[in-house]
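If you look up TrEMBL, you'll see 26-173 marked as domain 'Casparian strip membrane protein'. Residues annotated as transmembrane segment in TrEMBL: 33-53, 73-99, 111-138, 165-186.
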């Protein structure tokens, strides 16, 4: 009975047929590093694509024009800022990810990463969801609120803002995977 209690507490003797925990955690750390690079690229491309989106349409003459720019809507500005903040965080978190590859049994730094990854996931989800709602209105409009769809006139503007959402939502999915991966690596200790 005493041996069963020791196994539950993780105090069993290591045999040669079971894989080393450090090797599993090292593999998880390498995957963590790769996922962080993917999330960095997704958020960077999303912020750049949205931040450089603008289109002008002539109306009667060359002097009277309608324009659509990302900063006309505060939601898109929030989207760019949220993606930029998360992108900057990912650059700094790559250092801890490299540290975890070298020292795969580090516990406190993984807990710190889970905490900040969760905060960045919330920020990125808020920015992407808010922008997705405005993109939907730009494409479909809302007859009850008397908001007209603008994508028929500003076609390239709508294509770019729709495309910029893809990288951001890829970042959201990657952050979910990063949090689960870090939690699994902590539970193996």
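For all residues, glycine too, the Cβ spot is worked out from N, Cα and C.
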Other parts of the chain folded back onto the transmembrane segment (33-53), taken as Cβ under 8 Å at six or more residues beyond its ends: 69-70, 76, 79-80, 83-84, 86-87, 90-91, 93-94, 97-98, 100-101, 124, 131, 157, 160-161, 163-168, 170-171, 174-175, 177-178, 181
DSSP-assigned states of the domain 'Casparian strip membrane protein' (26-173) in counts, ordered helix, strand, coil: 110 helix, 17 strand, 21 coil
